[in-house]
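S.K.: If you look up Swiss-Prot, you'll see K50, G57, R58, G59, E103, M106, E111 marked as ATP binding site. Here Swiss-Prot flags N203, D217 as Mg(2+) binding site. The substrate binding site annotation in Swiss-Prot covers N268, G325, I326, V327 and is backed by sequence analysis. The domain 'ATP-grasp' annotation in Swiss-Prot covers 9-248 and rests on sequence analysis.
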Amino acid sequence: MNIHEYQGKDILRKFGVAVPKGIVAFSPEEAKQAAIQLFEEQNSPVVVIKAQIHAGGRGKAGGVKLAKSPEEVFDIAQQMLGITLVTHQTGPEGKEVRRLLVEEGMNIDKEFYVGITLDRSTSQNVLMVSTEGGMEIEKVAEETPEKLLKIQVNPLFGLQAFQARQAAFFLELEGEQFKNTVKFITALYNAYTSIDAAIAEINPLVVTKEGRVLALDAKINFDSNALFRHKDFLELRDISEEDPFEVEASKSNLNYVRLDGNVGCMVNGAGLAMGTMDMIQLAGGRPANFLDVGGGASPQTVEEGFKIILSDKNVKAILVNIFGGIVRCDRVAGGIIEAAKKVDLHLPVIVRLEGTNASIAQKMLDESGLNLIAAKGLHDAAKKVHEALEPA
């Protein structure tokens, strides 16, 4: 689960992670009042107005501005609130700006990158630091790997003091800056593990000319599987930032990810779903989604799956690929037939069912009288998808 920058900073602050003073605003007047408060409390001659959306690259897209007076903050907030911000992470559709973070300005001396996430290849947490603050870390790792240090952290022992010092040495810091960075990294790791985060990314981490070490930006993503331990975090979810199709699918406990293709997929099992998407691509189509209805696919979940797929106007054909192991194929076929009767299935639907009671399911589909195209095997299904996409 993703959250906004200001929410992430509020959480980090509770764990002793140094962050700038900031106030969230939902209107130009609130932004102005926040600026008045910050100018009174801070020594900085400027404040920063930052658009709050679930995407990076805001600065280049005009989502981060400096202001020297409350009146200027008001004007910038008027211009920024309600606009659609398009960055390299939002896609061409962009995201609407509904809230702003008004934050104290920093007298920046140096910028770095610090991030913590799970390294699945080693089953350990990995602390990453780079001298290239403000840059995309993937680009740094690819083009200048010598500027990125990765430190494996055994979750049984946690981050050791020497590892935090190793990271600070890599950043070539000395004196108070060194001590403050070690303290910062230690606090960040504590926060990361305590809140069951999937990633805690500070980009950039700044060192001011006064020696302060702070998180100028913060990206915190939670492990959704651990949210039962942090039910208060559910209040931080901003559904308006999420794909509406994915939100609707989650209500029916469907694992759905929207893509930009033209073939809708309905599959049971993540591995089979990935293989199905590959076959669609090889057959000349492009998958429009990842949709895993789970091992216990019922008529209700199949119907909801069809509704969600058909909501995507880019879909030109649908491939249903079910292996009947936990769930019987005849039960799935019944769900497909019932869903087809309730939902306006105006698109070609290719159905491939294998496993328990597959022959019974095949007979049910053949006798349904509906426009359902049966496929024998995955290759045949991919071939029929290709044929369905070809212009008449």
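Glycine too: its Cβ is placed from the backbone N, Cα and C atoms.
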S.K.: In angstrom units, rounded to an integer, how far apart are the Cα atoms of K50 (ATP binding site) and N268 (substrate binding site)?
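M.R.: Approximately 42 Å lies between the Cα of K50 (ATP binding site) and that of N268 (substrate binding site).
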S.K.: Could you tell me the mean pLDDT the prediction assigns to the domain 'ATP-grasp' (9-248)?
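M.R.: A mean pLDDT of 93 is what the model gives the domain 'ATP-grasp' (9-248).
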S.K.: Between the Cα atoms of V327 (substrate binding site) and G57 (ATP binding site), find the distance and write it as a whole number of Å.
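M.R.: The separation of the Cα atoms works out to 44 Å.
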S.K.: Just how spread out is the substrate site if you go by the largest Cα to Cα distance in Å among N268, G325, I326, V327?
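M.R.: Across N268, G325, I326, V327, the two farthest Cα atoms sit 10 Å apart.
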S.K.: Would you mind pulling the DSSP three-state label for E111 (ATP binding site)?
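M.R.: The residue in question, E111 (ATP binding site), is strand (DSSP, three-state).
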S.K.: Sort the binding-site residues N203, D217, G325 by C-alpha distance from M106 (ATP binding site) and give me just the closest.
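M.R.: Among N203, D217, G325, D217.
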S.K.: Can you grab the distance from G59 (ATP binding site) over to N268 (substrate binding site)? Cα atoms, rounded to a whole Å.
M.R.: 41
S.K.: Just how spread out is the ATP site if you go by the largest Cα to Cα distance in Å among K50, G57, R58, G59, E103, M106, E111?
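M.R.: Largest Cα to Cα distance for the ATP-binding set is 19 Å.
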S.K.: Are any of G57, R58, E103, E111, N268 (the binding-site residues) within 10 Å of N203 (Mg(2+) binding site) when you go C-alpha to C-alpha, and if so which?
M.R.: E111
S.K.: Counting all other Cβ atoms within 10 Å across every protein chain shown, which of the binding-site residues E103, E111, D217 scores highest?
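M.R.: Within the set of binding-site residues, the most crowded position is E103.
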